[in-house]
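Novice: Provided herewith is a single structure, encoded as structure tokens, for subsequent inquiry.
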């Protein structure tokens, strides 16, 4: 259990740890190793939890796996008990974060482990509990010394007063909301004005439509009276018959209360509601009667109380003309309910108040409380509006009920009656006012929330920033900084970077040591390669030098025998140097992918037989090894020369590292879609740590590429490159040192063999008597080649540079010109171009001889005008073949 005493700064743990991107291969700083009592630089290994208290290991592992799974989004920050070197457990804080590359990929993990000064400064159960506004007050307590006190006054004032950052954040919120608020107000205002205009126009149209309907109803009544006035009974003064006809018309007009006939002396001649001969009542509304008699036109009376019917009514009067004068007046007494029916037919919205007024602005019909208000004047506001004399109009008014409305009216020019429609102001302005209120409330709430967010976010930043300031001061003083706990990844990254900077001084030393060791290994590999190269070059050169010396000192008696042996030595060693050079060039070509394959169907078993036969014929495969062949014909699409190179390298590798008497077995078999070549030996075997690198180039010493103490370590590299160019793959297996090894090549198989393997083992005899120009700047090469060509019976002319070569060729006009590429003054390409301007291919064959064997060099030679391209050292058979071939148009 941890002790309650406080450790000194000298004994406190302040360590840095680092892992790879997968959270594995953990390494701790020297201070960590010293704290837990282990050797510095030792990895934590698979038992990385051994230093932590058993009760804390599960939580530590869970938090670490969460951080790995989320690539650091779940912050790794836990409190655990660490076992010191003396066996005592101390509370420590473990933190870590990923280090990412520019593309966001996790490169490694870096963290710190810091001992907490006292156990009570943090409780394990509260590790993931919530915090205050910035989550920093509790964290700063970890860095306070025991017994320290802080004045709560400034902190309390910070909770009330806005700091500089908070004010700026609130300003950002305000500036962000202001355009939105102004735009919202503008949109609402536009919509309100548009809606108000549309509603008012609709109200005005309703008033106009209602007035037209009233006029239509009145005109219908006038037309009915005109029809009755044209009755023959009326012309014949048959009042009894007219009385019956009037009662019939009243039955069809339910809103007509009565029909009367009056003469100009205002004497009733007929009353449909009264029997004939009875005393009739006086005229109730004489003004409209007098106007009808005066003008001879139909008139509509005003609404008055009619005592005959005991209700309000209005008169519709039609004159009856006889001999050009008004002789009688027909009057229909109409109840106001007729206009109420007209009003209801217009389907006016319920909140609206609609009235129909007569000429004296008395109410004829009203949509609300019709019976109570009929015959009474309109409201004072509406009367003032109507008395202005306008035909149409609109204004805010107050109804007889006291309701605030927008009123639109229309007065008919035909009847003088008016229709007025009042829409409650709330129906037009209420929605807009509510929208403005909701918008204002939303903006107010947004401002308050923005202020609170500015305060919260500001303090969540300023708190950790103040802690970062303390960390920077601690770094400057060389002390271990205490990182703040915060949800802001940027501040966490800065904190981790500061902690990592403290650890970087230790890791830099370790990296420097590793870099120095790597440089030493590279230098050693280079030295071993150069030593091997020197060894491989000196051996054939020593044999050639000795053979030349033997030729010079040979006994005349045994001169022929000695000459034959020395020539064979020289020939073998020159061939060895040529193979060495070709291997180096092929390794470069394979590495750069510049080898061009001449693919053709081949029998892989035949290729192996041919290679083995060549090894036996040249003595490279003697009787010291037991060779077993198990060859099944299987066809591949491959380059025969390169495939022979693969088999030769694998067989040569097996021979070198199989001490006699050893066994070598070569197997060729079909396996699914592949042709499989297996070369197995019982030799020295391959170490386990060398197997993954066995195909790498220039791996020397104990990890030599082909396990040779001699050789350049490029044979297996060539094998892998050539096999991959053919679309196959190669693998090496070994059970360990002294247990042999096996190399397996798998190539794509083809269905059937279409083309037989060409036979390249032939010798071309040179054609006698060619005229040849040899252009070569190397004296020994030129002299040796001139001598050999002369021995073949050719006429040879020499030149040692480019200009002299051109002059000699144009002067001698040879049949064949052998031209070196690397000439002084003018190179071989320029020589060929100059010659081709004078001589065409039918006159001279130009053959390039050079050590430049790359594909671009060959292509450039063909473009310059060469007919053939030979790589040094020259093959006598190839030279003889090119010389012997007839020129275009030449016959033998």
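Here the Cβ of each residue, glycine as well, is placed from N, Cα and C on the backbone.
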Novice: Looking at 18-51, 52-85, 86-119, 120-153, which one does TrEMBL call region 'Disordered'?
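Specialist: Residues 120-153 are the ones TrEMBL records as region 'Disordered'.
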Novice: Under TrEMBL, which of the candidate ranges 169-189, 190-210 is annotated transmembrane segment?
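Specialist: In TrEMBL, the transmembrane segment feature sits at 169-189.
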Novice: Can you work out the mean pLDDT of the predicted model over the domain 'HAMP' (459-510)?
Specialist: 70
Novice: Across all chains shown, how many C-beta atoms besides its own are within 10 angstroms of the C-beta of residue 820 (4-aspartylphosphate)?
Specialist: 26
Novice: Where does residue 820 (4-aspartylphosphate) sit by DSSP, helix, strand or coil?
Specialist: strand
